[in-house]
Amino acid sequence: MGVALRKLTQWTAAGHGTGILEITPLNEAILKEIIVFVESFIYKHPQEAKFVFVEPLEWNTSLAPSAFESGYVVSETTVKSEEVDKNGQPLLFLSVPQIKIRSFGQLSRLLLIAKTGKLKEAQACVEANRDPIVKILGSDYNTMKENSIALNILGKITRDDDPESEIKMKIAMLLKQLDLHLLNHSLKHISLEISLSPMTVKKDIELLKRFSGKGNQTVLESIEYTSDYEFSNGCRAPPWRQIRGEICYVLVKPHDGETLCITCSAGGVFLNGGKTDDEGDVNYERKGSIYKNLVTFLREKSPKFSENMSKLGISFSEDQQKEKDQLGKAPKKEEAAALRKDISGSDKRSLEKNQINFWRNQMTKRWEPSLNWKTTVNYKGKGSAKEIQEDKHTGKLEKPRPSVSHGRAQLLRKSAEKIEETVSDSSSESEEDEEPPDHRQEASADLPSEYWQIQKLVKYLKGGNQTATVIALCSMRDFSLAQETCQLAIRDVGGLEVLINLLETDEVKCKIGSLKILKEISHNPQIRQNIVDLGGLPIMVNILDSPHKSLKCLAAETIANVAKFKRARRVVRQHGGITKLVALLDCAHDSTKPAQSSLYEARDVEVARCGALALWSCSKSHTNKEAIRKAGGIPLLARLLKTSHENMLIPVVGTLQECASEENYRAAIKAERIIENLVKNLNSENEQLQEHCAMAIYQCAEDKETRDLVRLHGGLKPLASLLNNTDNKERLAAVTGAIWKCSISKENVTKFREYKAIETLVGLLTDQPEEVLVNVVGALGECCQERENRVIVRKCGGIQPLVNLLVGINQALLVNVTKAVGACAVEPESMMIIDRLDGVRLLWSLLKNPHPDVKASAAWALCPCIKNAKDAGEMVRSFVGGLELIVNLLKSDNKEVLASVCAAITNIAKDQENLAVITDHGVVPLLSKLANTNNNKLRHHLAEAISRCCMWGRNRVAFGEHKAVAPLVRYLKSNDTNVHRATAQALYQLSEDADNCITMHENGAVKLLLDMVGSPDQDLQEAAAGCISNIRRLALATEKARYT
């Protein structure tokens, strides 16, 4: 079960968060098999069904408490099973919406209760419990991988003293059998998968276009692509959708229906969400079933299309049959034999996993995602695209057209590597992690003479003696090895294998010559990949132990070049390279002293520099960062940071900058007093060093103590002065980022105001890249929390560019700009400008943004806008559908969105007409539904919203009817004074209704309110006293009525 879920299920990308299962046929098939297994478990294995899990399986369920009947204790918001463990804890506990289940028996019953919603529940459970084996049987059973067999599990459990070991053994075996079943089932499913190619889709569309137009004799009214641009692989979908297998999107107008927006993908054809009204972009979400091709889809959707196709006798079968034949061909005998040989010695599960990967390679190797655009519009006079080139300054790579000339051995090797990479740890790496497709020189290409000369030298390397080898290496270095032609000439004739073999000889001169060449050519991304494929990295890691300092330096520099992608970084770590590289940093014992004439000391410094360079490349992996820390890298880096050698400082600070994203490192950086040296190096003349120091400060300044250290060591002034140089955008982004994070502290903001940094930041609001704008706006958002700075921003003309940025699409930028605009809106003069520029409408439109952070930030920004606008009530009503939109946001699952919307509703409800409108839109039941929350921020603003909404019609009574009063009384037990004040005011308003007074009294409100009457907060005093007065008045009236 664990292996199948980890290897076969297809997940969406989720940034730094957890992904969700994609809605694909394979995922649905896996979930259905799991449901069948769990449903039948209670009948087939009644004894094992009672076994209590080590940890409960938890997820958010869509089931309501009312769905549970006999066998459960049901209340309004909770459900407990009558079945309990030996400690009396229920085996099923539901507290809407979270559910916790601790036995297979309760899982089986839940699926029976879910009925038609069982697939949704299974999906939610799998998404929330990525490693169910550990939760069911404990962390000791996390070793149940592909190579686990029955004897392994049996041996493990029989060594355990747990009296339930026999049941655990049976469950472990059952889960293992389920895992094997899922792998076999998926193998069959994958082998039958549809795999359309861009060429097939294009031919179908072109043929349909020929028979489209007005009139009854055509099959369609029209068919057209949504995009005129075509990539070099034949796809028209954007690259981030090509990764999901999507080829293109077409708009089809049949004779007998509305226009359909259709997605054509490698997995088939389906209806998507259509074009959006606002931007005209495609809503990529699938809205129906997947069909094997476009014609089958249209036959199903349009009877007229099917009828006219039959009349015209159009046949798509010939081309499609060819495609099917190519797809359906069994792997060639040589490939099958190689596959068997490759996996010999492994068990049955490994064989099946390799077969799955092999079939996937067979189905997808005809086309791969591409970033190279080509247009179908005829632009005359334009040259053809250049061949792949690497930008030496930025290291960015323009991806070439995929090669189809891969050898069979390479195909099998890559398949095995993909399995290994899936099992290995993943890391959140922002650098170039893509391995470039292989790219061979074409035989017919016009190659320069150097290409052939280098190939001759490689032959001497292969067959010559030691002297000839050294001469050949020296001669090869005379060529311009920075040119791609020379690099690929060495590779194409087998020179890389020879150079790597030379590293295993005992001749130091041969090793040095080989490493010098490898260091130069490993700047090429393809060469880097080839070096890893040929096993060159472990050999270089071993050379780091050499007593020869020149060898150490060259090996470390070459590792630094090669470790630019994830697989290479993993290989370095797995062969002990991180520990050895950290040890190189200890060579520079005297690095803190001025450079001396001693060659020995200069070499020590160079060894440390090369080690730092390699660690910089390796530190882009989360696991490697932790390995560097455990190997004692931080104290050594801190010592090297005091050096006067500028070329040493850049890789040292670069490594610290990468590692500072980890909390453990930030604490260690403070402990080692590194901030002081980072600040000192901000005054360096070297722009790259300044950039990395600023970036390291940006990463560390999340912590208040670090922000104070930057100020105390005089770091704010150089940061402010660096804002004036805007030519170097990378440095400007780092500097503005550091200023943003430092501005979180008010003391730092005061200093920035002294240094005139706020005026400079306002000047950077235009004509800058988004990376800079995000940081500039973030810094202004923090600075504008103070009145003096808001005035500066307004007087410098900063309001208009801020409002202009509200129409962007960058999520981080929108979050920051809404915060900045909201901060400025506190000042009435600034609010007038925002209103005149239509800023409030733009903020309101951001409530439709799909990102919760943007929605929340926009809602917070609306609060001061509504509060300080001249005619706020009329302004809000002028937004068509605006009030309904904000009320509907109360259905969100995000706590920050809910809190911000409640705050906005509090301000909106100050106008009676608006309060009447939102009441009609159902604000009362939605607010009441949120009352059972433990989040103090949400409680505060929710109570304020309820208090304000009570002032219309019979809303007070309605809140009581929707059970909002009792949860509000519990808020008085909170330790937050803001919650107390808002709650007391809400209860005072609600106590105007007699039924609510009774509910408050029954829930112990009087005692809690009496304590608050003595509060130093006057508003809290008055509200608490008023509420007690109303309750007392009702009690007296009741008493009087009883005796009369």
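Residue numbering: from 1, along the chain as shown.
Cβ atoms are placed via backbone N, Cα and C, with glycine included.
The region 'Disordered' annotation in Swiss-Prot covers 316-348 (among others).
Residues annotated as compositional bias 'Basic and acidic residues' in Swiss-Prot: 319-348 (among others).
Among the features that Swiss-Prot reports, region 'Disordered' is placed at 378-446 (among others).
Residues annotated as compositional bias 'Basic and acidic residues' in Swiss-Prot: 384-401 (among others).
Annotation source Swiss-Prot lists repeat 'ARM 2' at 484-523. Residues 388-390, 392, 439-441, 447-448, 450-452, 454-455, 458-459, 461-462, 466, 469-470, 473-474, 476-477, 530-531, 534-536, 539-540, 543, 548, 550-551, 554-555, 557-558, 561-562 of the same chain sit 6 or more residues outside the repeat 'ARM 2' (484-523) yet have a Cβ under 8 Å from a Cβ within it.
The repeat 'ARM 3' feature in Swiss-Prot is assigned to 525-564; the stated evidence is sequence analysis.
What Swiss-Prot records for 535-577 is repeat 'ARM 1', and it gives sequence analysis as the kind of evidence.
Shown in sequence order, Ile543, Leu544, Ser546, Leu584, Val607, Cys610, Gly611 are the residues of the chain, 6+ apart in sequence, with a C-beta less than 8 angstroms from the C-beta of Lys552 (N6-methyllysine). Annotation note: Lys552 (N6-methyllysine) sits in a helical segment as assigned by DSSP. If you look up Swiss-Prot, you'll see Lys552 marked as N6-methyllysine, on the strength of a large-scale study or a structure entry.
Swiss-Prot lists 622-661 with the feature repeat 'ARM 4'. Regional average pLDDT for the repeat 'ARM 4' (622-661) in the model is 90.
The repeat 'ARM 5' feature in Swiss-Prot is assigned to 663-702; the stated evidence is sequence analysis. The repeat 'ARM 5' (663-702): residue composition by secondary structure is 31 helix, 0 strand, 9 coil, according to DSSP.
As annotated by Swiss-Prot, repeat 'ARM 6' applies to 746-785.
Sequence annotations record features per position, and here Swiss-Prot assigns repeat 'ARM 7' to 828-867 based on sequence analysis.
For the repeat 'ARM 8' (912-951), the list of distant contacts is 77, 96, 873, 876-877, 883-884, 886-888, 890-891, 895-896, 898-900, 902-903, 905-906, 958-959, 962-964, 967-968, 971, 974, 976, 978-979, 982-983, 985-986, 988-990, 992: same-chain residues at least six beyond its ends, Cβ to Cβ under 8 Å. Look at Swiss-Prot and you will find 912-951 tagged as repeat 'ARM 8'.
Per Swiss-Prot, the feature repeat 'ARM 9' maps to 953-992. Using a Cβ-Cβ cut-off under 8 Å and counting only residues 6 or more beyond its ends in the same chain, the repeat 'ARM 9' (953-992) has close neighbours at 76, 916, 919, 924-925, 927-929, 931-932, 936, 939-941, 943-944, 946-947, 999-1000, 1002-1005, 1008-1009, 1012, 1015, 1017, 1019-1020, 1023-1024, 1026-1027, 1030-1031.
With a cut-off of 8 Å between Cβ atoms, the residues of this chain six or more beyond the repeat 'ARM 10' (994-1033) that come close are 956-957, 959-960, 965-966, 969-970, 972-973, 977, 980-981, 984-985, 987-988. Per Swiss-Prot, repeat 'ARM 10' is recorded for 994-1033.
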By DSSP, how many residues in the repeat 'ARM 10' (994-1033) are helix, how many strand, and how many coil? 34 helix, 0 strand, 6 coil
Intrachain neighbours beyond the repeat 'ARM 5' (663-702), with Cβ under 8 angstroms and 6 or more residues off its ends: 625-626, 629, 634-635, 637-638, 641-642, 646, 649-650, 653-654, 656-657, 709-710, 713-715, 718-719, 722, 728, 730-731, 734-735, 737-738, 740-742, 744
Could you break down the residues of the repeat 'ARM 6' (746-785) into DSSP helix, strand and coil, giving a count for each? 30 helix, 0 strand, 10 coil
Helix, strand and coil residues within the repeat 'ARM 7' (828-867) as assigned by DSSP: 35 helix, 0 strand, 5 coil
